[in-house]
Structure formats: C-alpha cells, structure tokens
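This report refers to the structure that appears directly beneath it.
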Amino acid sequence: GSAIRRFPNRSLLMAACAACIGGTFQYGYNISIINAPTMHVQKFINQTWRERYQTNISADALTLLWSTIVSIFTIGGLIGVTVGGMLSVKLGRKGTLLANNIFALMAALLMGLSYHTGLFELLIIGRLLTGLNAGIGICAQTLYLGEIAPTALRGGMGMGTSIFITVGILTGQVMGLKELLGKEEHWPLLLSTTCVPAFLQLLILPWFPESPRYLLIDRGEEQGFEKALKQLHGTDACDGEREDIEKERNNLVDFQTKKPWQLFTDRSVRWQLVAIGLLNAAQQLNGINAIYFYADYLFRQSGIPTDKIPYVTIGTGACECITALTCGLLIDRLGRKVLIAGGYALMSICCILFTLTLSFQDASPVVPYLSMGCLFAFVLSFGLGPGGVTNILTTELFTQTTRPAAYMIAGSLNWLSFFFIGLVFPFIVYCFLVFLAVCSFMAMYIFFVIPETKNKTFIEIQNEFKSSSHRIAE
C-alpha cells in the first residue's frame with residue numbers, strides 16, 4: 001500500500017518547510033508587518049522632512065510616500081515573478097531559493113538603518129527588495145513543492161504555499177502587537193525582522209536535495225536524480241515516482257523550456273492559459289484584500305474599542321490559517337474542483353449578505369456583529385478554496401517545459417491585480433457588487449470548464465484538457 005500514502009515522510013515534510021520559510025512565509029509576513037507601524041513611520045517621515053526642509057510635509061505628500069512604501073512591495077513582486085521563472089531554470093529550484101535570501105537580508109539592513117540615518121528613501125528601496133524576494137520566492141518554492149511531491153500528495157504539499165502565507169500573515173500581526181515590537185521605538189527593528197526567516201532557510205535548506213524532476217528533465221543528471229528521490233521518498237516509494245517522472249521526460253524529448261511569450265502562441269495550452277489567467281486575477285480581485293483593508297474600520301463600527309482591534313484582526317489571521325490547514329487535509333480527498341468552486345460560491349453568498357448588513361448598520365445593535373460574521377465567513381470560504389487551490393492548479397495544468405513560463409504569467413497577473421486593487425480600492429469601497437460578480441462568475445467557470453486534477457499525473461491532465469477544450473470549441 002505504498003501507492004496511497006496519506007502523509008509524506010519526514011524528509012519530504014522538512015524539505016517543504018525549509019522551502020516555505022524563505023518563500024511564501026516572507027510574502028505573508030511582509031504584507032502584514034507593515035500595518036502595525038503605520039503611525040510611527042509617518043511620524044518619522046514628517047520629522048526627517050522637517051529637519052531637511054524646515055517645513056512640515058503636506059498631508060497629500062505624506063499619504064503618497066506612505067502608500068508608495070506599502071505598495072512598491074507589489075512592484076518588487078512583479079519583477080521577482082518575472083525573474084523567478086528564469087532563475088529557477090538557470091540555478092535550479094533550490095539554488096534560486098537560497099540565492100533569493102540575499103534580497104531579504106539587504107532589505108532588512110536598509111530598513112533597519114533608515115531610522116538612524118534619517119533616510120526614509122531607504123524604506124522604499126527596502127520594501128522594493130522584500131517584494132522582489134517574495135516574488136522570486138513564491139515562484140521557485142511553488143515549483144519546488146509541486147515537483148518533489150508524490151502524485152497522491154501533490155495537493156496537500158502544494159497547500160504548503162498558502163499555509164505558510166497565512167502563517168506569515170499571522171506572525172506579522174502578532175509581532176506588530178504593542179507587547180512585542182509594536183511600540184514606537186521598535187519599528188525599525190520590526191521591519192528588519194524579515195532577515196530571520198532568511199537566515200533560517202540558509203541554515204536548513206542546503207541539507208535537502210534539488211527537485212528530482214529538475215535534475216532529470218532539465219539537467220539530465222541520473223545519479224543526482226536517484227539520490228534525491230531516495231532522500232525525499234525513501235527507498236520503497238521511489239519506484240512509482242521514478243516511473244512517473246521518466247514517463248514525463250520521454251514525452252518531452254527535444255523540448256526546450258518555453259519562454260512566456262511562446263506560451264501565448266502555443267495552441268495546445270491555450271485553454272490552460274485562459275484558466276490560470278482568470279484564476280490568478282480573481283484570486284486578488286475577489287474582495288479578500290478589501291476585507292483585510294477594511295477589517296479595522298468594520299470592527300470599529302461594531303463598537304470594539306480601538307486598543308482591542310489588533311487582537312480581533314489576529315482572529316481573522318488565525319481563521320485563515322486554520323482553513324488553509326483544513327484545505328490541505330481535504331484537497332487530495334475531495335478534489336480541487338469542489339473546493340475552489342464551492343469556495344467562490346460561498347464567497348458570493350457572503351458578498352450579498354455583507355452588502356445588506358452594511359446598508360442597515362444602524363437598524364439594530366446586532367447588525368454590526370452580523371457583518372463581522374459575514375467577514376469571518378468570507379475569509380473562511382476564501383481560505384478553503386481560492387486561497388490555496390489556485391497555486392496548485394497552476395502547477396497541475398502544465399508540464400515541465402511549460403511550467404516555469406506559466407508561473408511567470410500567472411504570477412505577473414496575480415501581482416498586477418494586487419497592485420491594481422491597492423490603487424483602486426479606496427474608490428470602490430462599498431462596491432461589494434463588483435466582488436460578487438467576480439466570485440459568482442468564477443464559481444460557474446470552474447464548475448463547467450476546469451477538469452478535476454486530483455491523483456492524475458501531469459500528462460493525464462494535459463490530455464484531459466485537450467478533450468475538454470474540443471468540447472468547448474465545438
């Protein structure tokens with residue numbers, strides 16, 4: 001019964017954790033860590049401005065500088081994703097993850113120094129670098145996890161990506177509490193803690209092998225491949241994995257790794273591209289970010305005292321964390337399709353309820369608590385489906401030569417949508433109807449178009465797409 005192993009062995013789990021700590025953990029951590037010191041950093045910008053130019057900074061300029069510091073992260077991510085795919089082919093998945101820590105360490109240094117040198121520009125450069133680190137990290141790590149996982153566990157392992165994003169967000173929220181590093185004098189320290197996960201990864205990951213698929217298919221290293229397989233899967237489970245990977249290699253003889261622009265002209269992956277394009281844009285445009293930006297405001301509306309709000313926000317973080325874990329346990333049993341279509345359907349319902357409860361805030365003292373209920377339900381539905389399954393489908397709908405390019409395209413769309421939401425969000429505040437449209441459209445699209453990919457090899461999935469796209473074309 002080694003074919004159906006419910007849990008990965010220890011070496012595989014450790015390798016996955018080592019990859020995630022410097023990968024998506026950093027992404028979640030740097031998204032949430034910037035919220036706590038907002039006031040302190042703005043005060044610091046104002047002070048340095050006064051020292052330099054002998055006048056106070058205008059409110060608009062301050063807002064602009066602050067939103068630049070927050071959102072330049074997404075620009076870094078966009079660049080990172082574009083470079084990450086290419087690096088993963090050049091340096092290997094593991095090599096890229098290790099080299100990528102340089103950016104996190106540089107960022108930590110710059111942001112830590114900005115206070116003592118009185119240069120707020122360093123914060124902008126530091127945030128750009130953390131974004132770059134997150135973009136490259138997500139790209140290389142998702143490839144690594146998708147490729148080291150045995151077919152039966154691919155979903156659960158791929159969930160490592162979103163589990164660690166949520167753990168990162170939660171850790172960032174906790175570190176920003178007054179009791180830890182949330183005090184005013186601690187903000188430079190808080191922002192430079194991004195070096196800790198980087199050091200951890202540099203200590204742990206070198207002990208684990210490169211992705212066996214990469215070694216065999218991209219590099220043609222038979223011995224390294226054998227050794228990596230044994231170390232990751234143990235001696236017994238090795239054979240089944242070897243067959244799958246060799247089958248994939250024989251299918252791909254004479255194939256060069258494709259570049260992103262070559263994918264757009266390749267008829268055979270057209271429907272897969274449409275699918276991951278929609279999935280990745282929707283992952284940011286479905287309103288989850290709106291809910292996060294708005295959480296504070298909503299909690300205040302519900303009459304929670306201001307000094308208690310950080311703790312409730314941690315509640316939402318913990319909530320998403322728990323669902324990501326649940327999803328990781330369910331995904332290889334229930335399948336991808338049920339979770340992601342169901343998630344979007346539930347989110348659509350939450351959007352409707354949320355819009356209603358927001359319109360009747362003053363009708364009764366119970367209503368704000370109902371909106372909080374909707375908010376938690378929305379976060380839960382996101383965590384169960386779209387939050388985790390999106391990345392896994394990007395791995396599964398492509399084969400080894402198209403996968404890095406697909407990641408660049410998917411990732412770029414994801415970061416672009418993230419940036420777009422950050423810009424447009426203040427203007428479409430209560431427009432949950434936009435999000436309702438996105439969620440309900442996605443639920444139907446997934447239900448009718450995307451095949452189930454659970455427990456299938458990458459080649460079977462490829463063939464299934466060919467037959468389903470013929471059905472659409474006819």
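Any Cβ shown, glycine's included, is placed from N, Cα and C.
Nonlocal intrachain contacts for the transmembrane segment (12-29), taken as residues 6+ away from its ends with a CB within less than 8 angstroms of a stretch CB, comprise 77, 93-94, 97-98, 100-101, 104, 130, 133-134, 137-138, 140-142, 144-145, 148-150, 157, 160-172, 194, 197-198, 200-202, 204-205, 207-209, 232-233. Taken from TrEMBL, the feature transmembrane segment applies to 12-29 (among others).
Residues or ranges marked as domain 'Major facilitator superfamily (MFS) profile' in TrEMBL: 16-454.
Taking Cβ pairs closer than 8 Å, the transmembrane segment (64-85) reaches residues 27, 30-31, 34, 38, 41-42, 45, 57, 96, 120, 123-124, 127-140, 260, 404-405, 407-408, 411-412, 414-416, 418-419, 422-423 in its own chain, all 6 or more past its ends. Annotation source TrEMBL lists transmembrane segment at 64-85 (among others).
Annotation source TrEMBL lists transmembrane segment at 97-116 (among others).
Per TrEMBL, the feature transmembrane segment maps to 122-145 (among others).
Positions annotated as transmembrane segment by TrEMBL: 157-175 (among others).
Annotated transmembrane segment per TrEMBL: 187-208 (among others), in sequence order.
A Cβ distance under 8 Å defines the sequence-distant neighbours of the transmembrane segment (273-294), meaning residues of its chain 6+ beyond its ends; these are 263-264, 316, 340, 344, 347, 351, 375, 378-379, 382, 386-387, 390, 393-394, 397, 406, 409-411, 413-414, 416-418, 420-422, 425, 429, 432, 434-435, 438-439, 442, 445-446, 449-450. The annotation transmembrane segment is assigned in TrEMBL to 273-294 (among others).
Marked as transmembrane segment by TrEMBL: 309-331 (among others).
Annotation comment: TrEMBL describes 338-360 (among others) as transmembrane segment. Outside the transmembrane segment (338-360), and at least 6 residues removed from its termini, the chain residues within Cβ reach (under 8 Å) are 279, 282, 286-287, 327, 330-331, 367-368, 370-371, 374-375, 377-378, 381-382, 384-390, 393, 430, 432-433, 435-436, 439-440, 442-443, 446-447.
Taken from TrEMBL, the feature transmembrane segment applies to 366-393 (among others).
Per TrEMBL, transmembrane segment is recorded for 405-421 (among others).
Residues annotated as transmembrane segment in TrEMBL: 427-450 (among others).
The stretches the transmembrane segment (122-145) and the transmembrane segment (309-331) are not in mutual contact, being linked by fewer than three Cβ pairs under 8 Å (pairs 6 or more apart in sequence).
Along the domain 'Major facilitator superfamily (MFS) profile' (16-454), the predicted structure has mean pLDDT 87. Outside the transmembrane segment (366-393), and at least 6 residues removed from its termini, the chain residues within Cβ reach (under 8 Å) are 142, 146, 154-155, 158-159, 161-163, 165-166, 275-276, 279-280, 282-283, 286-288, 291, 295, 298-299, 301-303, 315-316, 319-324, 326-328, 330-331, 336, 339-344, 346-347, 350-351, 353-354, 357-358, 360, 442, 450, 453. Against the transmembrane segment (187-208), the recorded stretches 97-116, 157-175, 309-331, 405-421 differ in Cβ pairs under 8 Å, and the greatest number is found for 97-116. Outside the transmembrane segment (97-116) by six or more residues, the chain places 19, 22-23, 26, 44, 87, 91, 122-123, 125-127, 129-130, 132-133, 136-137, 140-141, 144, 187-189, 191-195, 197-199, 201-202, 205-206 with a CB less than 8 A from a CB of the stretch.
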